[in-house]
């Protein structure tokens, strides 16, 4: 029962990498970020508003995280999300953390969301501040402590193809060693 958890900073490439890893490994992908965005839409809020709302309403994070935990317990899944690896670590075979410089991430988010660089930078900084505060308050998790990760990868100067290749090489080596069979 393979479980891969990919976490990382906003704009680091975690969703794109998780989607491609899931495709190659022929596993479903569950995105905590997508679940969070769906809930924001359901509540009629934009992402930043919903982050602020979630700060006051801890049940939001608990709903998202309980879905990730259920999927991890069931196995055979790639999970993606900012906090996901910390939540599912006991069930995960491989945990990867993606990071990049704030400027690179702001450029990526600006391009993805069709907003200015400055707006993307402000959103990233605010989301990170809110996430750090919320996760510490709800779970006593310091998201700056990356010691639970098997691989920490700086994607600042890597193409998406290089990031996926490095991630898959690491995942396949880890799974092949753990399960003594060829997964990839």
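Glycine residues also receive a Cβ, built from the backbone N, Cα and C atoms like all the rest.
Bear in mind that the values here come from a model prediction, so they are computed numbers and not experimental data.
According to Swiss-Prot, the ATP binding site annotation covers 8, 9, 10, 11, 12, 13, 14, 15, 16, on the basis of sequence analysis.
Fewest Cβ neighbours within 10 Å among the binding-site residues 8, 10, 12, 14, 16: this applies to 16. Other residues of the same chain near the ATP site, with their Cβ within 8 Å of the Cβ centroid of 8, 9, 10, 11, 12, 13, 14, 15, 16, are 17, 98, 100, 105, 108, 155. Taken residue by residue with DSSP, residue 10 (ATP binding site) is part of neither helix nor strand, so it is coil.
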